[in-house]
Amino acid sequence: MLIIETPPTLRQTVKQWSQEHKRIALIPTMGNLHEGHMALIDAGRARADKVVVSVFVNPMQFDRPEDLAAYPRTLQEDCEQLTRRGVDMVFAPATGVIYPDDLASQTFVDVPRFANILEGESRPGHFRGVATIVSKLFNLVQPDVACFGEKDFQQLAFIRQLVRDMSYDIEIIGVPTVRAADGLALSSRNGYLSAEERRLAPQLNQVLMRLVAQLREGERHIDGLLTSATEQLLQAGLRPDTLVIRDAQTLQPLTVDSRRAVVLFTAWLGKARLIDNAQVDLIS
């Protein structure tokens, strides 16, 4: 497995692959890898000849410097996992390689349709950071395919819009959420949970599934459903952040024309911000 840290070496390698008519899959990550990331890699491998995993803790995606400093850096362990998984290349650049100048003077990429709603309201500037680093990676790697998890549903919609708007010739694959046996969605941030918090964390998915079941049964009193879910989470010891039911295509409030809904939940448990979602076909 190649471990590359600089754009010139990366470009040289992917150019050679392209000349050999190899399809390339890109899996962007911030490291601290788990089985959810492995599912992305497997999805990429099923669709391409070469798999590139980027490992870069993007400072533009963090609201607070202390959160950036606390994010786990586990590159050696990550590379060991990726070698076992048969990844062809890890691109692990230093921050100064990706952002050689001060961030205040950095050129940014923005996707206003999805950047300033829901998660974007809670985390100002976060999606601008995502769009900027993903655009850089797309330009450097020139992938045929890129894989993203459905756990971060808004991010997936956001990336698809970015690809449309910027005319990238890249197939975006959404990979289903990987869960622990008790239903908790796998996340690098689950490592922030204490043993007791980890015991409580599956309540997020359990409350979500109860709400989804009601939607599938035809319940459409959205405010009532969300109020009940909020109360259940509070009783379970979680602090609800974002609980919404939206059109799965537009992420706007449901209308009479909505065919599919997505239920988006985020809640705090200790220092961890948990994220989960589920899609529902609406009964006409």
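Note: Cβ is positioned from N, Cα and C throughout, glycine not excepted.
Residues annotated as active site, proton donor in Swiss-Prot: H37. Secondary structure at H37 (active site, proton donor), taken from DSSP and collapsed to helix, strand or coil, is helix. Of all Cβ atoms in the shown protein chains, 26 besides its own fall within 10 Å of the Cβ of H37 (active site, proton donor).
Counting only residues at least six positions away in the same chain, the Cβ atoms of M30, G31, N32, L33, H34, Y71, P72 sit under 8 Å from the Cβ of S188 (ATP binding site). The ATP binding site annotation in Swiss-Prot covers 30-37, 149-152, V178, 186-189 and rests on sequence analysis.
Around Q61 (beta-alanine binding site), the same-chain residues six or more apart in sequence whose CB sits under 8 Å from its CB are M30, H126, G129, V130, I133, listed in sequence order. The annotation beta-alanine binding site is assigned in Swiss-Prot to Q61 on the grounds of sequence analysis.
Positions annotated as (R)-pantoate binding site by Swiss-Prot: Q61, Q155.
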Specify the count of other C-beta atoms within 10 Å of the C-beta of V178 (ATP binding site). 18
List the binding-site residues among E150, Q155, V178 whose C-alpha is within 10 Å of the C-alpha of H37 (active site, proton donor), in sequence order, or say none. V178
CB contacts under 8 angstroms to E150 (ATP binding site), restricted to the same chain and 6+ apart in sequence, sorted by sequence, are L156, G174, V175, P176, T177, N277
Within the same chain, the residues at least 6 apart in sequence whose Cβ is under 8 angstroms from that of G36 (ATP binding site) are G149, K151, T177, V178, A185, L186, S187
Would you identify the secondary structure of S188 (ATP binding site) according to DSSP, in three states? helix
